[in-house]
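Read the structure below first, then the notes.
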Amino acid sequence: MSDIALTVSILALVAVVGLFIGNVKFRGIGLGIGGVLFGGIIVGHFVSQAGMTLSSDMLHVIQEFGLILFVYTIGIQVGPGFFASLRVSGLRLNLFAVLIVIIGGLVTAILHKLFDIPLPVVLGIFSGAVTNTPALGAGQQILRDLGTPMEMVDQMGMSYAMAYPFGICGILFTMWMLRVIFRVNVETEAQQHESSRTNGGALIKTINIRVENLNLHDLAIKDVPILNGDKIICSRLKREETLKVPSPDTIIQLGDLLHLVGQPADLHNAQLVIGQEVDTSLSTKGTDLRVERVVVTNENVLGKRIRDLHFKERYDVVISRLNRAGVELVASGDISLQFGDILNLVGRPSAIDAVANVLGNAQQKLQQVQMLPVFIGIGLGVLLGSIPVFVPRFPAALKLGLAGGPLIMALILGRIGSIGKLYWFMPPSANLALRELGIVLFLSVVGLKSGGDFVNTLVNGEGLSWIGYGALITAVPLITVGILARILAKMNYLTMCGMLAGSMTDPPALAFANNLHPTSGAAALSYATVYPLVMFLRIITPQLLAVLFWSIG
């Protein structure tokens, strides 16, 4: 059998063994995709014992391409919500998550200096302790750029594997410990979170208001300042028994009922200006109007602003809200449409059908993947990651590398959405498949390279010490920030658990947090809020640590 055929066969075996290990769960908790790393270590140990020779060049290419696939698909997935997560609504959560990353870096630096841990080893421990595989790839690349011998670079994968198991268990232990320390009642926390979502926050809500302000009588909607901006949409107007779709030129009268869509704070301001909220239903049921959700799939409208499509003037249809990548937005006229946007339309059936034809609304297109944008994005990402940035007194130029470059490019392209007829939307199933394929390839190679010396290092070497160092890097930041978030910020416990899981980019921890109260979405919401920024920082941090440690000796 040729070296290439043998290498492919061994990688397939690693994937099978690793995925089987990852699916084994104890009390609902398992290694997940991380099991592939240990599958690689097991197979790698026996490959080494048998004296088999694998194609090192092929392994290197597969490892790097797997990493690129993984980080690129992550960027495309979170890109639409990445920049939104940095705004005020998620600022506090992101600040605490960033603090966890910073403290983790400080603990790593202290351990490196106190115990004189070799640079590749300490970077591997750091990456494993925070269960972040792209950090491992980024660290290995910067070490190669710094001229580190390959046998030392491979040690990073071994120390990563030593620290990884407690990285998963440590965050679960932290959640449990914080629950005990603060005597948390999970049911109460879930109710408080739901109450806060109802009474405030950046959620999109709807209310029905009666026009009671005499100054508004016989004014056009466009002449009412609170209704003339982009913060509130008036999607229905009821006068006596007639329900209609209003336009900016529609004249309002005292006693009219308006159905408004917007954020709670803006709707409250509308009540102060227009009148009180009423319980009267403005449902389209039994009328000649209907509400329908339509998906944007027509390439001809991508990038166009809602106001430039003139749906109200041409079809007497109002867009009441927009859902983009799971985030509800007010359908501001200045919003540019992206592939996969879901619009709430209000109007007559025939008019809605006409607008749906303009927008596309072809559900089957949502399952198709445009491969051209995928490879354009990957190519641009690799180019971006290869651009050197020279810093005085640093021993090597800084680069985003094969982990950071594709990630940042994917975040940007995911945020842009489309350029002409090229769109970077990827169906969730396709995104997940490519992401899982990438991480399986990467971890398989890392495990294979580490397997030959893993057992000897664990039994006769410093493996146990590495596990201890990893436990400190995992636990100290999580416990410190968890206590600060609860005491100083009075953070909801379920929200805090999601934030802690997101700060470690750890899906098993999110699953554990979700199971604390299965019907509450608090943990998942905070996890998604901090995940994009933290993933970026986790990839950059080992590179900064490597250059810093190298430069100071």
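Every residue, even glycine, has its Cβ placed from backbone N, Cα and C.
Among the features that Swiss-Prot reports, domain 'RCK C-terminal 1' is placed at 191-276, with the record citing sequence analysis. Annotation comment: Swiss-Prot describes 279-361 as domain 'RCK C-terminal 2', evidence class sequence analysis. Marked as transmembrane segment by Swiss-Prot on the basis of sequence analysis: 4-24, 28-48, 65-85, 95-115, 158-178, 371-391, 394-414, 439-459, 464-484, 533-553.
Note on the transmembrane segment (28-48): residues 10, 13-22, 54, 131, 160-161, 164-165, 168-169, 172, 436, 439-440, 443-455, 507-508, 511-512, 515 of its chain, located 6 or more positions outside it, place their CB under 8 angstroms from a CB of the stretch.
Take the transmembrane segment (394-414) and the stretches 4-24, 95-115, 439-459, 533-553: counting Cβ pairs under 8 Å, 533-553 has the most. Within its own chain, the transmembrane segment (4-24) is flanked in space by residues 30-40, 42-44, 47, 52-55, 58-59, 62, 440-441, 443-445, 447-448, which lie at least six positions past its ends and keep a Cβ under 8 Å from the stretch.
A contact between the transmembrane segment (533-553) and the transmembrane segment (95-115) is present, since 3 or more of their C-beta pairs, 6 or more residues apart, lie under 8 Å. In terms of DSSP secondary structure, the domain 'RCK C-terminal 1' (191-276) contains 29 helix, 27 strand, 30 coil.
Along the domain 'RCK C-terminal 1' (191-276), the predicted structure has mean pLDDT 86.
Sequence-distant contacts of the transmembrane segment (371-391), counting only residues of its own chain at least 6 positions beyond either end whose CB sits under 8 Å from a CB of the stretch, comprise 68-69, 72, 76, 397-410, 413, 422-424, 426, 547. Taking DSSP states H, G and I as helix and E and B as strand, the domain 'RCK C-terminal 2' (279-361) has 23 helix, 27 strand, 33 coil.
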